[in-house]
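The structure appears right after this line, and notes come after that.
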Amino acid sequence: MILVYIFETYLDVRQHAAHKLPNLPKPLIGVVTQEKFEKSRAYSLDKRSVFFLCCRFHFVHGAVTILMDTAILFYGVLPWFWKTSGFVLGYLGLNPENEILHTLSFLAGSMIWSQITDLPFSLYSTFVIEARHGFNKQTVRTFFKDIFKSMCISILIGPPIVAAIIIIVQKGGPYLAIYLWGFMFLLSVLMLQLYPILIAPLFNKFTPLPEGELREKIEKLASSLKFPLKKLFVVDGSTRSSHSNAYMYGFFNNKRIVLYDTLLQQCKNNDEVVAVIAHELGHWKLNHTVFSFVAIQILSFLQFGGYALIRNSQSLFKSFGFDTQPVLIGLIIFQHVAIPVQHVISFGLNLVSRKFEFQADAFGKKLGYAKELRAGLIKLQVTDCRL
């Protein structure tokens, strides 16, 4: 875990040094002005700006996280917290021997702890760095309201999911990995369907894109690619941030496209917006979304298979300070053990994702949107200070 952090910090230091170079890169000469480049560079540096004892924000956040995780493991905080959550249940008159109740008590305490420790960094990132560069649009009230909504959603949907996982592990036997993967597969499909319909509207307002030239061009593009577009929305992303985005979701013949209102504000030319959509549709046409979903499912199955191998390892649990073998704790321990492998896989997936982005750009170019896509992406990158 520490070695992974050191390696990632090394990469961040190299990136930081690159951001400090004042000269406009040759590929951007004539494309982006020096003034806009300086603004983007200042934002990138500010993401790592002075925060504590002249250290950089990004580095401090990572360092604090790794120090807390290391301290939790070294000082036996995890088993202590598990026992304490059991004492709380007993104090409330509930049975601490009930693993489902014990796990929910543990998760409740963990959620509160996570919110408290991450809050200073979230506040600083949102209301100092993002606000300084004109990106933050949300109020303090909205910020805490979103946190409250997220916690309520977790409290609502978390317990039945946790209970189901514990029961599956307890009853799964030799086919534990298959049952657990099957449950999580069905859950992921269900959440992909329900999230944009039930959960996302709790945080943002989605309105149909008005009739007009832009809608006609997007629908024509979708039709030419045989993309089963059912609905086209605009989301009020500007209520929280001036960053832009566009995405699609849905299964089979029920696809939807969502445009951020900030995208429409930044790309005044409709053809530029259509070009950005062409890029996104390229991911669909080239089966990037299918590949990503399948890859995630394969990795999930392998993870559950790995967990099944260590599920009954008393020595492993004892090495982390546990005399019992709770399901959740086993999953947490496995995640810690698998960290090096997970980072190697993540690195590989990032390379694949990068290749997919180039392929989607080439797809948009092939459709005849080379000029518009170039202009639209430059506007988004410049406006979002992501050069």
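Keep in mind that glycine also has a Cβ here, set from the backbone N, Cα and C atoms.
Keep in mind it's a predicted model, so treat the numbers as computed, not measured.
Record features, source TrEMBL:
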type: DOMAIN; residues: 18-205; note: domain 'CAAX prenyl protease 1 N-terminal'
type: TRANSMEM; residues: 147-169; note: transmembrane segment
type: TRANSMEM; residues: 176-198; note: transmembrane segment
type: DOMAIN; residues: 208-380; note: domain 'Peptidase M48'
type: BINDING; residues: HIS279, HIS283, GLU357; note: Zn(2+) binding site
type: ACT_SITE; residues: GLU280; note: active site
type: TRANSMEM; residues: 290-310; note: transmembrane segment
type: ACT_SITE; residues: ASP361; note: active site, proton donor
Among GLU280, GLU357, ASP361, the one of these recorded positions whose Cβ has the fewest neighbouring Cβ atoms within 10 Å: GLU357
Among HIS279, HIS283, the one of these binding-site residues whose Cβ has the fewest neighbouring Cβ atoms within 10 Å: HIS283
Alpha-carbon distance [ASP361 (active site, proton donor); HIS283 (Zn(2+) binding site)] in Å: 9
Within the predicted model, mean pLDDT of the domain 'Peptidase M48' (208-380): 89
The residue listed as 'active site, proton donor': secondary structure state under DSSP, collapsed to three categories: helix
C-alpha spacing of HIS279 (Zn(2+) binding site) relative to ASP361 (active site, proton donor), in angstrom: 6
